[in-house]
There are 2 protein chains.
Amino acid sequence: MRINGERLKKTITDMAQIGATPNGGVTRLALSDEDKDARDLLKRWMIETGLEIRIDDFGNLYGRRPGTDPEAGAILIGSHLDSVPAGGRFDGVVGVLASLEVLRTFKDLGIQTKRPVEMVNFTGEEGARFSPPMLGSGGITQMFSSSFIYDRVDADGVRFEDELIRIGYRGESPHRAKNVQHFVELHIEQGPILDTERVPIGAVEGIVGVSWLEVTVRGVRGHAGSTPMAMRRDALIAASVMVSAIAEVATQADKDLLLTVGKFVPRSSAPNVIPDEVTFSVDIRHYDSLIRKRGVQAVKDLLMSIGREKGVDVSVVDLWNMEPTVFSKSLVELICEVSSFLGYPVRKIRGGIGHDAKYMNEICPSAMIFIPCVEGKSHCEDELASWEDIEKGTNVLLHVVYRLAQQ
Amino acid sequence: MRINGERLKKTITDMAQIGATPNGGVTRLALSDEDKDARDLLKRWMIETGLEIRIDDFGNLYGRRPGTDPEAGAILIGSHLDSVPAGGRFDGVVGVLASLEVLRTFKDLGIQTKRPVEMVNFTGEEGARFSPPMLGSGGITQMFSSSFIYDRVDADGVRFEDELIRIGYRGESPHRAKNVQHFVELHIEQGPILDTERVPIGAVEGIVGVSWLEVTVRGVRGHAGSTPMAMRRDALIAASVMVSAIAEVATQADKDLLLTVGKFVPRSSAPNVIPDEVTFSVDIRHYDSLIRKRGVQAVKDLLMSIGREKGVDVSVVDLWNMEPTVFSKSLVELICEVSSFLGYPVRKIRGGIGHDAKYMNEICPSAMIFIPCVEGKSHCEDELASWEDIEKGTNVLLHVVYRLAQQ
């Protein structure tokens with residue numbers, strides 16, 4: 001039993017026309033005209049596949065293939081069609097269209113499963129237009145209230161609910177996914193590990209927890225020509241020592257601890273002015289909550305100690321904390337087993353970024369299948385996954401879903 | 001023989017009304033309406049003092065008090081009335097109005113000097129509206145051509161010459177300062193040394209040389225959650241290690257070597273994105289050209305070595321070089337001698353910033369007298385010099401000018 005790789009390739013290529021950018025990417029922001037067109041196309045394909053269509057109150061679009069047991073919980077598969085501005089053709093899309101391909105394959109082969117199998121296109125996963133990310137999956141798993149989601153506004157002040165109605169995708173709350181046995185999401189890795197190791201399949205064990213700190217370092221402004229080195233309280237030098245030391249903490253502590261300073265903003269910026277204030281972020285991730293929290297404390301201690309040593313004021317704000325997600329161990333093992341059965345190299349891997357599966361895991365045992373993306377590039381027009389890997393990943397999804405649907 | 005401190009205080013206070021900001025500073029950009037008003041007021045005061053008024057082709061405004069010897073070279077004193085946006089009341093202004101006070105004192109006391117004594121208000125010293133700085137003094141010392149100066153435009157595209165004509169201060173090129181024996185400029189230090197050491201008079205030995213480098217560090221963009229630490233080529237970490245190391249070079253090399261990273265601009269700036277590019281400036285100053293040039297080379301070597309170690313690309317551009325200025329040793333000694341004669345503590349000091357005296361030194365032996373400014377603050381509304389120090393500095397100027405004018 002294998003999916004039709006050529007058909008899947010054509011499906012993905014056709015979908016990539018909607019919101020296509022000149023450099024090979026797509027811009028398909030949530031609830032935009034392009035998002036509507038993408039949904040309309042997907043809906044047509046789902047109807048052609050004989051699926052029962054359903055749209056819930058957040059615009060999540062479902063296609064259901066009934067099972068033989070009307071009481072059995074469904075196997076839900078899918079991802080999202082929305083993109084960041086000038087994003088890639090694969091992020092989210094592969095998961096949605098691989099799900100369609102699985103259901104097309106069941107149809108072609110006349111396979112009747114015990115459990116219903118449903119595919120879903122979640123609304124507003126990227127958070128690029130309406131923030132925060134993962135609104136559709138967060139809505140049905142009650143991470144967010146309906147009114148919270150409906151009142152999200154984009155940069156132009158346009159409301160989520162108004163746009164949802166405008167594009168004709170406001171459905172009914174009873175249509176939300178329910179009685180779901182498992183959720184499985186296929187996605188490009190968005191990191192370099194599988195590509196570097198040349199492994200086509202990643203069985204995702206979970207998603208790291210994240211803490212964000214916002215650090216402000218205050219020194220004293222001065223003129224580069226008239227302030228002796230010994231009299232300076234240079235905020236940029238102090239902040240630079242902090243960033244270097246944070247990088248050292250990362251390499252010395254647990255090898256999976258990820259520490260990133262991504263935002264770094266000196267207040268003044270002229271060659272002959274000694275900077276008096278720098279603000280920077282620290283992003284701290286680990287799969288183990290305790291190690292992450294120890295990392296947060298180690299960073300804070302380090303910042304304070306360097307601040308004292310350099311004679312600058314340091315303030316640290318805890319901006320955000322998200323606990324790690326641990327996916328179903330048995331599903332992870334199933335993905336490994338199926339991959340080996342199909343003859344595809346597989347490795348267990350941990351996700352570092354939020355996905356719809358993260359929230360779905362709150363209401364049912366969930367899992368993710370990663371496939372490589374070239375050089376780990378994602379959220380850009382260069383984003384690329386090979387057709388071979390997409391096909392392999394979809395075959396893994398096919399067999400995983402089949403086995404789960406027969407249990 | 002002493003100047004009239006109360007009169008000088010009133011003069012400075014009156015001048016500070018023109019372009020006054022709510023927080024006690026002034027905004028008096030070169031060739032603006034406020035600059036015109038300041039010039040008009042100064043011209044009125046100079047005429048009241050019986051000076052011969054002259055305006056040259058760059059708008060430099062002179063007031064001359066003839067000497068007994070019609071052939072003798074003049075003693076020129078002065079500074080500038082223009083300011084940076086939201087600048088201080090003292091930078092430049094003290095030098096111009098102290099010069100006026102010296103000439104008022106000569107008039108009051110009926111002192112007739114052998115040499116003529118001239119005061120000058122230079123045009124566009126700050127470079128805040130029309131760049132580069134020191135256009136008026138640079139013009140008459142032929143550092144810049146007339147056409148270069150006339151074609152300078154401000155941020156709105158307005159030409160220097162057009163504004164000079166508009167405010168009525170385009171004079172004649174034969175009016176430029178000539179047959180000048182010495183130039184002496186009184187100025188606030190704009191640094192913390194005199195204030196910290198509680199010394200009212202600085203005899204400025206010269207002005208440091210400056211080199212500017214522009215450094216670009218290029219790494220690889222990545223996601224904070226999905227890129228293992230060992231696979232990163234983080235431009236911000238590399239740049240931070242460079243900034244820290246540059247600060248170390250400064251403390252380990254010559255103690256007077258000044259190394260400043262003032263501009264530091266990461267390209268991307270989001271908490272969860274590994275930065276791929278950072279651009280920063282390095283400002284390198286020393287009074288000794290050789291030490292400065294060795295410093296430049298040491299910084300370049302360091303940047304390249306850290307770049308190799310961190311696996312990032314580094315490019316370094318030599319943006320600007322300015323050789324040091326050495327003021328007349330005999331004038332420096334005269335300032336020290338006069339200060340001691342007046343009972344004021346004095347120390348030799350080196351200037352770290354460009355001043356009109358720097359260019360004037362190219363055509364005649366020149367010198368500067370520094371007075372303290374509180375905490376070294378300058379180019380800000382907080383800029384403050386005490387009336388006592390201003391009075392002392394002006395008395396030193398008075399006696400220096402008197403002695404020079406009788407030689």
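Keep in mind that glycine also has a Cβ here, set from the backbone N, Cα and C atoms.
The Cβ of B:ASP91 (Zn(2+) 1 binding site) lies under 8 Å from the Cβ of B:SER83, B:HIS187, B:ILE188, B:GLN190, B:SER378, B:HIS379, B:GLU383, each on the same chain and at least six residues away in sequence. Sequence annotations record features per position, and here TrEMBL assigns Zn(2+) 1 binding site to B:HIS80, B:ASP91, B:HIS187.
Residue density at B:HIS379 (Zn(2+) 2 binding site): 21 other Cβ atoms are found within 10 A of its Cβ, drawing on all protein chains shown. The annotation Zn(2+) 2 binding site is assigned in TrEMBL to B:ASP91, B:GLU126, B:HIS379.
Annotated domain 'Peptidase M20 dimerisation' per TrEMBL: B:208-306, in sequence order.
A separation of roughly 9 Å, to the nearest angstrom, links the Cα atoms of B:HIS80 (Zn(2+) 1 binding site) and B:GLU126 (Zn(2+) 2 binding site).
Under the three-state DSSP scheme, B:HIS80 (Zn(2+) 1 binding site) falls in the strand class. Neighbouring residues of the recorded Zn(2+) 1 site, listed in sequence order and excluding B:HIS80, B:ASP91, B:HIS187, comprise B:SER79, B:PHE90, B:GLY92, B:VAL93, B:VAL94, B:GLY95, B:VAL96, B:GLU125, B:GLU185, B:ILE188, B:HIS355 (Cβ within 8 Å of the Cβ centroid). In the three-state DSSP scheme, B:HIS187 (Zn(2+) 1 binding site) falls into the strand class. Applying an 8 A CB threshold to same-chain residues 6+ apart, the list for B:GLU126 (Zn(2+) 2 binding site) reads B:LEU29, B:ALA30, B:HIS80, B:ASP82, B:SER83, B:VAL84, B:GLY87, B:GLY92, B:PRO133. Per DSSP, the domain 'Peptidase M20 dimerisation' (B:208-306) is made up of 39 helix, 30 strand, 30 coil.
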